[in-house]
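S.K.: Mind having a look at this structure? Questions to follow.
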């Protein structure tokens, strides 16, 4: 018996391997999109190409445009006094996005990063909806990038075409300007696309948790066990903690960089000596719109999933109340009011003034946050103590997207807005004299 070696069930000497991906799985079109964006690092050659494109279009071209094509001797319509803010802002957020995306995919793999390895534990509805949203997210990147790119293209073509004799060139004027214009447009498209890609991926991952919460809400409409409800909530809470841990650095640095960019833009454009027109400040305005749009995607996605996650407490409390009322009626010998509740669910909620507010709710109501009563499936199988313990647990363990311990909810957004607005007023007081 001493010669028999018992093989351990788990080999603790091996590290957790990345989830294996297949060429024709649901991420095939997404990998093709990453390959066309030159951010795919699935092998050593693609990784080298990805870093080369980032260095060229993210760093070299903006530096050449800033130091060699500033054109300080151009006329008033072709001078670019705010170009340094545009180039630094776009390059900083694109570098942050590229480094974070590279780290995510290298560390976790694409399937694990997008939680596709966990979809086997979800319902068919969640899997189908998440796959549809993945394909839709690629279109969203194009929807955000293309309008600004068209405007940027029109501005660059006009700038090079009308000021060809004033702009520094090498050799043939038209050829030099054509190459410079093409490289600048590619650089702008690359930097904005990488930034929006990371923002849209965060929105996609948050939407998966929204789908899971909507699916989780169905347990309160069926005869469920408290233990299974608690286990599912703990699983969702763990995934939200994972998302927060992965994205917290990106969110904080985006907030810092974009806030610094906007305050710098406000400072240089409100000086008494500043001359503002669409030719000189149009590109700066377009850059600000791009950065603020990406930041809004991040903050709205985070607050949405936090609001949905915290609405589970309201749903559980309502479930507990309905079950308790019907259980007391049943024990007192009265007729249970479950059929009445069913009937009430088919009708819009009637307020105290006798007016129906079902139409006023609009699309804001869903499975997690609505004014409908819940049929009391629970009182026959789940005791009052178990329901009360579950509600108490949910009340004291609110979950959502957090950034270093701070929950990103609506109150946090109000705080950020108050701080930003105070800084804006302070800065305007120093520049234009607002007190």
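The backbone N, Cα and C atoms fix where each Cβ goes, and this holds for glycine too.
Remember, TrEMBL labels are computer predictions, not curated facts.
Computed from a predicted structure; not experimentally measured.
Pulled these features from TrEMBL for this protein:
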- 44-69: transmembrane segment (TRANSMEM)
- 84-105: transmembrane segment (TRANSMEM)
- 188-206: transmembrane segment (TRANSMEM)
- 247-269: transmembrane segment (TRANSMEM)
- 281-299: transmembrane segment (TRANSMEM)
- 337-367: region 'Disordered' (REGION)
- 354-367: compositional bias 'Acidic residues' (COMPBIAS)
S.K.: Return the stretch with the most CB pairs under 8 A relative to the transmembrane segment (84-105), choosing among 44-69, 188-206, 247-269, 281-299.
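M.R.: It is 188-206, which has the most Cβ pairs under 8 Å.
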S.K.: Tell me if the transmembrane segment (188-206) touches the transmembrane segment (281-299). I count contact as 3 or more CB pairs below 8 A, with pairs 6 or more residues apart.
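M.R.: Contact criterion met.
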S.K.: Can you work out which residues elsewhere in the same chain, 6+ from the ends of the transmembrane segment (188-206), have a Cβ less than 8 Å from its Cβ atoms?
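M.R.: Distant Cβ neighbours of the transmembrane segment (188-206) are 37-39, 53-54, 57-58, 62, 90-91, 93-94, 97-98, 100-101, 114-115, 133-134, 137, 140-141, 144-145, 148-149, 152, 243, 247, 250, 290-291, 293-294, 297-298, 300-302, 304-305, 401.
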